[in-house]
Structure formats: C-alpha cells, structure tokens
Amino acid sequence: MGRVSKDSAAQRPGSRRSASSRRPGSSRTRRTSAASSADRIKGTGNKGTGAHISEGSGHERFVAAKPTGATNAKATPKAKSKAAADASAGGVKAAVADWWSKWKSHVKRFGPQLMINHAVTLGVIVIIAVLIGIGAGFSVIPASIASMWMVFNLAPIEMAGAKLGFVPLLPALVLVWGHAKRATTVLGNSISVRGLRVFTTLSLLIPMLLTCIAWVMLWDASRVYDITPPNLLVALISTALVNGAAIVIGMRARVWRALLLRRGWSTWPVESMLLAGRFLKWMAAAGALAAAVYLLTNMEAVGKAYEITSSTMGVLGLTFVALLYVPNVVVAAMAVLLGGEFHVGNGAVSLFTANNVNLPPLPALAAVPNDQIPFGAVLLAVPACVAVACVYTFLRGRTYVEAPLLQGVGAGACAGLIGFCTSWLAGGELGVYGRAGAVEWLFAVELAAWLLVPAAVMMFFTARRGESVTEDIPEAEVVEPGASQQAQTETEHDAEAGADDADDVADGAESTDTDSSEDDAPTEEPEDGEDGGVTKKEREDPADTEDKEDKEDTETEEETDDEDSDSGERDGDSAPERD
C-alpha cells in the first residue's frame with residue numbers, strides 16, 4: 001500500500017519528484033556537468049572574468065563576480081556598435097526618404113516655375129549690367145548685378161561712401177505684379193494645403209538665398225571697388241516683404257477664404273483685407289493726382305533739374321531715374337493728404353507747414369512743395385471722402401456682410417500694417433541729404449484711423465439694419481386658409497374610400513401641386529453659370545416638356561376617384577370655398 005501511494009503521488013500532476021526518486025546515474029551526470037562547467041569557469045577566470053567557485057556539502061555553486069571595465073568592453077564588441085550605428089543611419093535615411101516622397105511632387109511642380117520667375121528678373125538685371133559695363137568696363141558687371149538685385153528687393157546700397165536707402169519703388173512694384181500674376185497661374189484652380197506650404201516656402205527661400213549670394217558678391221567687390229555691402233538682416237527682411245506681398249496677392253481671396261473655412265474660422269479677415277486694399281488704391285490715385293497737379297504748377301523746378309546735364313543720353317537717363325521714383329512721390333503725397341509729413345533731410349512738408357530746403361536734382365522731386373500749401377486744411381476732406389466712398393461701394397455690392405464691426409476694425413488694422421511696411425520700404429537715407437520719406441508710424445496710424453472710423457460707423461448701422469430685415473414672401477407661395485382646409489377634408493374623405501386609392505390620389509395631388517407652383521411662381525435656379533437669373537421654365541428642354549405633359553395625362557387617367565377635385569386648382573388658381 002505504501003508503494004502504491006508513493007507511486008500515485010509521484011504521478012499526480014504538478015507534484016515535485018523527491019531526491020530519492022531520481023534515476024540511477026542522474027547525480028553523476030549532474031556532478032559531471034558541474035565539474036565541466038567549473039573547469040570552463042576556471043579557464044575563463046584566468047583571463048579576467050572574475051568568476052569564482054564556492055564548494056558546499058557535495059554540491060558545487062558558482063557565483064559570478066561584478067563585471068569590470070574589461071568585461072564590459074568584451075561584452076559589447078565593436079561589431080555590435082557598428083551594426084547599431086548602421087541601423088540608426090538606415091533609419092535616418094528611411095525617414096528622409098519618406099519625408100521626400102511626401103514633398104517631392106509639390107517641389108517638382110512649383111520649384112521650376114518659381115525659378116523661371118527669378119531667372120527672368122536676373123536676365124533683365126544682367127542686360128542692364130552689361131549695358132553699364134560697356135562704358136565703365138566689364139569688371140564691374142558682378143557688382144552691378146548684385147547692386148541691382150538689392151534695388152529690385154528694396155534693400156539699401158552704399159557706394160563711394162554715400163548710402164542710398166531711398167530706393168526707387170517702381171522696380172519692386174513691377175516685380176510684385178509679375179510674380180503675383182505668375183503665382184495665380186501656377187496655383188491654378190486646384191491646390192492642396194501641402195502644395196501651398198511648398199509654394200510659400202520656396203517663394204521666400206529662393207529670393208532670400210539669391211539675396212545672400214548678392215551680398216557675398218558685394219562683399220567680395222568691396223575689396224576692389226568703393227562699395228559696401230548693406231546690412232544683411234535688413235536686406236533679408238526687405239526681400240521677404242517684397243516677395244511675401246507677391247504671394248499674398250497671387251493667392252487671391254478665394255484661396256484665403258478656402259483656408260479659413262477649412263479651419264472652421266470666419267472669412268471676415270479676407271473681406272477686411274479687400275476693403276483695405278480698395279482704400280489704399282484710391283488714396284494712391286488721389287496722391288498721384290495731387291502730385292501731378294503741383295508738378296505742373298512747378299515746372300521751373302523741373303527745368304532746373306535738367307540743367308545738370310547737357311547731353312541727350314544724360315536727359316534720357318535722368319528722366320528714366322525720375323520715372324523710377326514716381327511711386328515714392330505718390331507715397332509722400334498720400335502721407336501729406338492724410339495729414340502727416342514727408343521729410344527730406346531737415347525739411348518737412350505737410351498740409352500746414354513747408355520748409356524750403358535743397359532737394360536732389362531729380363525732376364520727380366519737383367512735386368515736393370517749397371511753400372505752404374494754400375487751403376491745406378480743406379484737403380483733409382479727400383481721405384474722408386475716399387474712405388466713405390470705399391466703404392459704401394463695398395457694402396452696396398454685397399447682400400451679406402459677416403461680422404460687420406469686426407470687418408471695419410480689421411480693415412483699419414490691415415490698412416495700417418500695409419502702410420507701415422510700404423513707408424518703411426519707400427524711405428531711407430538719401431546720401432548727404434539725410435533721411436527721406438514719410439514717418440512710418442504716423443503714416444500707419446493715419447491710414448488706420450481714416451478707414452477705421454467711417455468703416456466702423458457704417459458697419460454698425462449695417463448690422464442694426466440687418467437685425468430688422470423681414471423676409472418678403474412671394475404672393476404665389478401664400479396658401480389661403482380655405483383652400484388648405486378643403487384639401488385636408490378631401491384627403492380625409494379619400495382615405496376612407498380605400499388605402500390604395502388614397503395613396504394614388506395623394507401622389508397625384510403632390511405632382512399636381514408641384515406643377516402648378518412651377519407655372520404660377522417661376523423659381524430662379526442657383527447661379528451655376530452666367531445665366532443665374534433664368535427661370536426653370538425658360539431653361540427646360542422641349543423634349544422634357546413633352547415628357548411632363550405625357551406624365552400629367554397618365555396621372556389624370558389614373559385618378560378616377562378624384563373627380564370631385566376642382567380643375568382650377570390644377571391650373572394654378574386657388575380653389576373656391578365651399579359652404
């Protein structure tokens with residue numbers, strides 16, 4: 001019995017076998033393997049593994065010592081570290097390849113187009129530089145190319161110790177206009193957000209990189225010629241502003257609206273920018289008109305400006321330079337009309353004062369007044385009238401205005417921001433004459449105030465008027481109470497006759513009501529094309545009209561149980577009331 005219970009215990013699942021139940025020879029095998037392991041440990045211990053053996057009662061126990069520096073060095077071979085480095089490098093390459101696969105198509109789409117834009121600009125610059133080099137020597141062509149690139153991007157230049165920060169605006173305006181047109185064409189009608197990011201990034205990085213190259217060329221030429229490279233940070237900022245303006249204009253309002261709607265934001269900032277742009281354009285036109293009028297009254301100063309040259313080429317060159325500075329004069333006239341000041345060195349011109357100072361011999365500067373402007377305070381009505389007219393026409397052309405007050409405030413802020421950037425780019429040092437241009441902060445504040453006040457007032461009344469608007473319902477859509485009550489009575493009477501007949505009558509009545517409403521009150525379709533005001537009846541095809549008539553005849557034959565209904569109701573006339 002004892003043996004049976006012992007065997008059964010040994011056979012139970014999960015039971016541990018006792019030491020006496022081992023097979024014969026198992027302990028010898030254990031000791032042999034332990035001895036061989038001890039020999040291996042001892043052999044390696046001589047090599048510095050640090051392992052030692054502790055012997056107990058009939059059993060051997062191995063305890064490994066703490067690893068040393070040599071042990072760590074051998075436990076981490078150089079091959080393993082090299083493999084890890086290769087694996088990390090492969091991961092970086094894979095990440096770069098994955099990143100490039102996402103942006104490659106967009107870079108290939110926009111990169112060449114943008115390079116063409118700047119290649120055309122550089123081509124024009126090279127032609128002008130070669131023409132200059134014909135007379136002055138071809139060794140000055142690299143410095144001339146770099147200097148003209150700075151001028152096109154409104155960066156200051158310095159030659160012969162004279163700093164020219166009062167750079168002509170016309171080349172930059174032509175560049176902005178051309179690049180904006182190209183941007184609109186390149187973007188097309190379908191553009192993704194990732195594509196816009198690539199387009200914007202490349203549109204800024206490429207010209208800024210070219211500006212850095214031009215700066216290096218000027219720095220290299222400064223060791224030979226009397227020329228000094230400008231402040232690189234100022235040059236990069238002006239380049240970013242010029243090309244950023246081309247991006248903003250080229251994307252158009254529809255793209256900006258789509259971006260805001262994609263984020264779930266309101267589109268009133270786009271409308272504010274449009275209103276600010278309209279105000280600035282009309283103020284520029286007013287400034288150009290004022291400058292032209294004063295220039296015609298000061299032709300004596302124009303004649304004195306041409307006295308510095310006696311050759312035909314000199315006259316043509318001076319006229320060409322004067323045309324380049326026309327936008328600068330327009331900005332100065334805008335500043336004066338707004339109530340601000342335009343400075344040329346120590347001289348200042350405004351609607352209330354004028355200092356007679358020596359001006360550079362440039363025909364365009366003959367538009368700068370030398371004396372106080374008569375009735376100057378009256379001219380303050382010009383920006384007021386322009387602002388009111390712009391806001392009025394802006395509101396009149398829209399049936400819905402989103403967030404009117406915010407649009408008015410935003411328009412003033414946008415006008416101030418654009419005015420500050422424009423006056424900063426249009427002004428600067430004018431050699432020995434000192435600084436020339438409008439006061440930047442004053443010009444921005446005046447633009448914002450002249451537009452914000454009338455816009456906010458008119459937008460406020462627009463918002464109040466929008467709250468009291470009542471919907472005008474066409475007469476054909478009004479249903480008389482008697483007709484509706486009669487239709488309900490007939491429907492209940494027909495429902496009692498039978499379920500199938502009631503369904504047929506209901507379907508026929510719905511189709512009849514639809515046809516009559518189309519005949520009586522023509523409904524305009526959405527503006528899918530240019531014929532947005534054409535009615536459905538006028539746009540129907542003759543074949544569709546015949547099919548509709550056949551359908552009406554079939555429905556009339558099927559409605560046998562609806563003989564009591566009035567035929568005038570099918571013709572679109574209201575049914576007569578019954579007693």
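Heads up, the Cβ atoms here are built off N, Cα and C, so glycines get one too.
Note that the structure is predicted; figures quoted are calculated from it, not measured.
Annotated compositional bias 'Low complexity' per TrEMBL: 8-38, in sequence order.
Residues or ranges marked as compositional bias 'Acidic residues' by TrEMBL: 497-531 (among others).
What TrEMBL records for 533-542 (among others) is compositional bias 'Basic and acidic residues'.
Look at TrEMBL and you will find 543-566 (among others) tagged as compositional bias 'Acidic residues'.
According to TrEMBL, the compositional bias 'Basic and acidic residues' annotation covers 567-579 (among others).
The region 'Disordered' feature in TrEMBL is assigned to 1-58 (among others).
TrEMBL lists 478-579 (among others) with the feature region 'Disordered'.
Beyond its flanks by at least six residues, the transmembrane segment (114-140) meets 148-149, 152, 175, 178-179, 182, 186, 199, 202-203, 206-207, 210, 225 of its own chain at Cβ-Cβ distances under 8 Å. TrEMBL lists 114-140 (among others) with the feature transmembrane segment.
Taken from TrEMBL, the feature transmembrane segment applies to 160-178 (among others).
Annotation comment: TrEMBL describes 198-219 (among others) as transmembrane segment.
Positions annotated as transmembrane segment by TrEMBL: 231-251 (among others).
Marked as transmembrane segment by TrEMBL: 308-326 (among others).
The transmembrane segment feature in TrEMBL is assigned to 373-394 (among others).
For 406-426 (among others), the entry in TrEMBL reads transmembrane segment.
For 438-461 (among others), the entry in TrEMBL reads transmembrane segment. Taking Cβ pairs closer than 8 Å, the transmembrane segment (438-461) reaches residues 275-276, 279-280, 283, 331-332, 334-335, 338-343, 383-384, 387-388, 390-392, 395, 401, 404-405, 407-409, 411-413, 415-420, 423-424, 426-427 in its own chain, all 6 or more past its ends.
Taking Cβ pairs closer than 8 Å, the transmembrane segment (198-219) reaches residues 103, 106-107, 109-111, 114-115, 118, 122, 142-143, 145-147, 149-150, 153, 155, 157, 179, 183, 186-187, 191, 227-230, 232, 235-236, 239-240, 242-244, 246-247 in its own chain, all 6 or more past its ends. Counting same-chain residues at least six beyond the ends of the transmembrane segment (160-178), those with a Cβ under 8 angstroms from any Cβ of the stretch are 117, 120-121, 151-154, 226-227, 242, 245-246, 249, 321, 323-328, 331, 425-432, 435-437. Nonlocal intrachain contacts for the transmembrane segment (406-426), taken as residues 6+ away from its ends with a CB within less than 8 angstroms of a stretch CB, comprise 154, 166-167, 169, 172, 238, 241-242, 266, 268-269, 271-273, 275-277, 279-280, 327-328, 331, 335, 391, 437-441, 443-449, 451-453, 455-460.
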